[in-house]
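When I checked Swiss-Prot for this same protein, it listed these features:
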{"type": "MOD_RES", "residues": "Ser2", "note": "N-acetylserine"}
{"type": "DOMAIN", "residues": "89-219", "note": "domain 'GST C-terminal'"}
{"type": "REGION", "residues": "218-294", "note": "region 'Disordered'"}
{"type": "COMPBIAS", "residues": "234-248", "note": "compositional bias 'Basic and acidic residues'"}
{"type": "COMPBIAS", "residues": "259-274", "note": "compositional bias 'Basic and acidic residues'"}
{"type": "MOTIF", "residues": "343-353", "note": "motif ''HIGH' region'"}
{"type": "MOD_RES", "residues": "Lys644", "note": "N6-acetyllysine"}
{"type": "MOTIF", "residues": "861-865", "note": "motif ''KMSKS' region'"}
{"type": "BINDING", "residues": "Lys864", "note": "ATP binding site"}
Amino acid sequence: MSILYVSPHPDAFPSLRALIAARYGEAGDGPGWGGPHPRICLQPPPSSRTPFPPPRLPALEQGPGGLWVWGAPAVAQLLWPAGLGGPGGSRAAVLVQQWVSYADTELIPAACGATLPALGLRGPGQDPQAALGALGKALNPLEDWLRLHTYLAGDAPTLADLAAVTALLLPFRYVLDPSARRIWGNVTRWFNTCVRQPEFRAVLGEVALYSGARSVTQQPGSEVIAPQKTPAQLKKEAKKREKLEKFQQKQKTQQQPPHGEKKPKPEKKEKRDPGVITYDLPTPPGEKKDVSGAMPDSYSPQYVEAAWYPWWERQGFFKPEYGRPSVSAPNPRGVFMMCIPPPNVTGSLHLGHALTNAIQDSLTRWHRMRGETTLWNPGCDHAGIATQVVVEKKLWKERGLNRHQLGREAFLEEVWKWKAEKGDRIYHQLKKLGSSLDWDRACFTMDPKLSATVTEAFVRLHEEGVIYRSTRLVNWSCTLNSAISDIEVDKKELTGRTLLPVPGYKEKVEFGVLVSFAYKVQGSDSDEEVVVATTRIETMLGDVAVAVHPKDPRYQHLKGKCVVHPFLSRSLPIVFDDFVDMEFGTGAVKITPAHDQNDYEVGQRHRLEAISIMDSKGALINVPPPFLGLPRFEARKAVLAALKERGLFRGVKDNPMVVPLCNRSKDVVEPLLRPQWYVRCGEMAQAASAAVTRGDLRILPEAHQRTWHSWMDNIRDWCISRQLWWGHRIPAYFITVHDPAVPPGEDPDGRYWVSGRTEAEAREKAAREFGVSPDKISLQQDEDVLDTWFSSGLFPFSIFGWPNQSEDLSVFYPGTLLETGHDILFFWVARMVMLGLKLTGKLPFREVYLHAIVRDAHGRKMSKSLGNVIDPLDVIHGVSLQGLYDQLLNSNLDPSEVEKAKEGQKADFPAGIPECGTDALRFGLCAYTSQGRDINLDVNRILGYRHFCNKLWNATKFALRGLGKGFVPSATSKPEGHESLVDRWIRSRLTEAVRLSNEGFQAYDFPAITTAQYSFWLYELCDVYLECLKPVLNGVDQVAAECARQTLYTCLDVGLRLLSPFMPFVTEELFQRLPRRTPKAPASLCVTPYPEPSECSWKDPEAEAALELALSITRAVRSLRADYNLTRTRPDCFLEVADEATGALASAVSGYVQALASAGVVAVLALGAPAPQGCAVAVASDRCSIHLQLQGLVDPARELGKLQAKRSEAQRQAQRLQERRAASSYSAKVPLEVQEADEAKLQQTEAELRKVDEAIALFQKML
């Protein structure tokens, strides 16, 4: 047995780090070291078993006499699951190692230095403000990195996040108040996201962030660190402060200029915020936007997004017919067809829909730009149960009416009116998202064309016997008075006794308990009894048997016997069945076939009667008084009291359980026996599974194929009837034959049900079935409607009018791709495949790509009651916190839920949601998408992509100035032949971006595409190429300048085309301002060819190697300039190289270094030649070092004075740390985490001393 020894102290962050790693090891594939999960011990190991020296906590003993590992980094590394942050060569693994090292060497010392004074553990001479400044400095790199990253290395927590979060636990608990957390908003968001992960929460609980008020008890051992000061010491410190204040006042006086001397220029005032920039030129809807004027100073989403969409729509760019005589015209590029997952017409789209549409539209635009005949078909789903519930709530809220008071026809009129209003809003949202849908083909699942398909499908399947009528157990909502599907059932996990609100009950109802009671054995002289237990005691009134295991020795003597029901005049047989678990409870279970799925199956095997004891509203039936007519949960209390009164109650205890809740009504779902319509799924499921096995249907990510086969292999028949009014009314009729020779039928008897496309057709079929004339047949159509998923399952071909043949059906069915969230793989995707194969003989699509589910920044599921359901338009336009509140008040939430949602909104969006724009939202959502993982969406990251849009804007604006008004681009993008090294380099990098983008689209790897494009524009084009271009465009070499302009134009042209699928608005706006290569160029960017590797084949390894050297030198120079505060000077730089080849390369890129590093002269030293005196040195690569000239730019004497003071302070700090650690009581009294922090601080201080000594030596040579 492995043992993990940890400190019990709640702030012992090294031990917490190990415990959380152990939790991840349990949740994953086991600890990375391959051993078993360790046992936790909250104390130091026995001295007899510890190695020498004694290990620090946490410590891991890998089995008796086995290897000892101690210290948080090593222990966490071993306990963390393999492959989730361990060593490796991948970029993610390198990032993990980088951030773990940063946490251990930078964050922990800074965090302890800032926190310990706050806890009363300040050492002599320690400055709390300086410590806080050091913490801020350590947090800055994290803040920058997390601006565009959810986690430190990848899309899920790794060892890096674990190390950094635990390092910052103390500051977040005791130091960083709300104002500080606003400064480091990205760090705070990331910290909260991590600590709310289940593995963190299991160890840390709820982490309370510092509010500004502190109450801390001084820890044992603090007297070693901060002994109480004597009055003499306090007096001495006061004198020091007084002297310091006088000195500072004197310095301030000396800095003021003498009378008559010119005063320094006042600082420039910040530019006035121009406010919101809007497009105000009169442009009729559908007309092209006027871009002939000057570009605004900065990017504005409102300005950029104006007018483009109506023009795109009027021009027909989104139609598959665009640019060709008809959709059936042969196209060597092929056909791309995808139908939208029709959003429910239940209100507004949320960010989950926005993700779906961002991905789908990006794919659609990419295929369209590749020249394929492209159709993305829009539509809207009637969402039967969801829509009916919302409209019923609205009617009750506004008019105090329910649907039964209104009547079926009048109620349906209300739903249609509501649909017209909400359907338009959903389409408006889709257009604001830039979705390039063909709106002329928009469909609604209740449209006549689609309704005809639904009727045809039902009738065909019923005639073949695939659809049948049967009485079975269904999920029943007593509030909705309807059966509901599995996807409409939420499973609430309870750990024990819990009181839950249930609609229709004034008091909360008890769940999470197991009640035991006794059944007396019939005819037993010894008063023998069998004890059973249940979580639903009221259902014992429907018990028909008691079951035990056939091999249970305790009950063998009861074979053939019965027990007596205490409230009913019936005996219950004791049956023997393998499903019973002998080890659970008494090994005996009650059997209630009409109210439990397992019991129903036992009843079928033993031919037991199923007695329903609840009606559709949840009131008890078929039971004696006093239980008859009681609501089910009132009956629960009555049955319990009656059992106690008869002496049959045997106890109650907490019981972990799952309570099924209707996600529409929040009612507790009951399994009830009801006659319903079912679809036989066995054969269709086999065909769907085989299609994936053969490779005819491809499901991506491939991990979902396992789920697919599992579902198909274990599928049950599908209940498709719903007791609602809104939806497709089932085209089935109950038959009454007015002929004495034909006995009357009963509901479950399928022979007395007939289906038909019309009532007349159904009457003819019924007459033929019973051999009578049609006039002797009376028909009553089923009141129920079809499950929404039935009509949705027909959507890929119902939108084209199946079964009628049409041009669209022949061209676009089967479709190319189905893209949707992985949560509806079974409920929608599987049913489309099964029904498509059954009814058309074809798969509805060739590929299925399943994206992740959007959660909030803390990993929580989107829920209106949590206040984290975000309208994408609120991210696009921005919204105040009050605006978010107002939306809640206009919703159908209960008042209690509104208050809870307000709290969630205030916590997540205290300042509201900033305006981000459509392009930033789309790009951010696609950048988030990682195959197979859910998305914890943080709106602040979306704001970061708005800044990226501003970068595009400014870069293009600069480029247009550089190109000049008379610039004429070459007819092709082919190089001129006189390109400079940096021209060749940027073309090479552009080639790589084109390759990665196309490969990413083909593989549905959206993060790879967005990363490639973001990096090209920001880090290569803007940060490097444009900077290197400035001296060329301002120089005298006209050939070089013209080559540069042509290359720059190519970068803009290709770069905007690359980005267009993700950012259609800003790229169109900028593209329209560029000159065209030919007069016949397409009118819009959205129908311009997408860049392909064959067009952009300028890979140049030689140029890339040269610029990589230039960038390495630049980074080193910038680092030295920052170290010596040379922000306003251009120091000379001398390059020391290891060989002539490196020297030649360095000479070739020296001009680029000069531009990028803001250096003066950049010269390459001859081999072996010494560098000039007074240079600071840094290493750029293994073949090149740089010498930055400081002579004349800094005052050596002044710098030496500052360095000597810094050295003295560092020495004093090191001495204090050494003395503290040498104290006799240190190891016994000081907490272990403080000891580790002291050791890290000492190492950091010694490293600083070495750097200071090097700098002192340099400046002494300059004197």
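Yeah, the Cβs are placed from backbone N, Cα and C, and that goes for glycine too.
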As a quick check of your reading of DSSP, tell me how many residues in the domain 'GST C-terminal' (89-219) are helical, how many are strand and how many are coil.
86 helix, 0 strand, 45 coil
According to DSSP, how is the motif ''HIGH' region' (343-353) divided among helix, strand and coil residues?
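Breakdown, helix to coil: 3 helix, 1 strand, 7 coil.
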Taking the Cβ of Ser2 (N-acetylserine) as the centre, how many other Cβ atoms fall within a 10 Å radius?
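A 10 Å sphere around the Cβ of Ser2 (N-acetylserine) contains 19 other Cβ atoms.
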Test of understanding: give the count of other CB atoms lying within 10 angstroms of the CB of Lys644 (N6-acetyllysine).
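Within a 10 Å radius of the Cβ of Lys644 (N6-acetyllysine) lie 11 other Cβ atoms.
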Looking only at C-alpha atoms, tell me how far Ser2 (N-acetylserine) is from Lys644 (N6-acetyllysine), rounded to the nearest Å.
49
DSSP on Lys644 (N6-acetyllysine), three-state: which is it?
helix
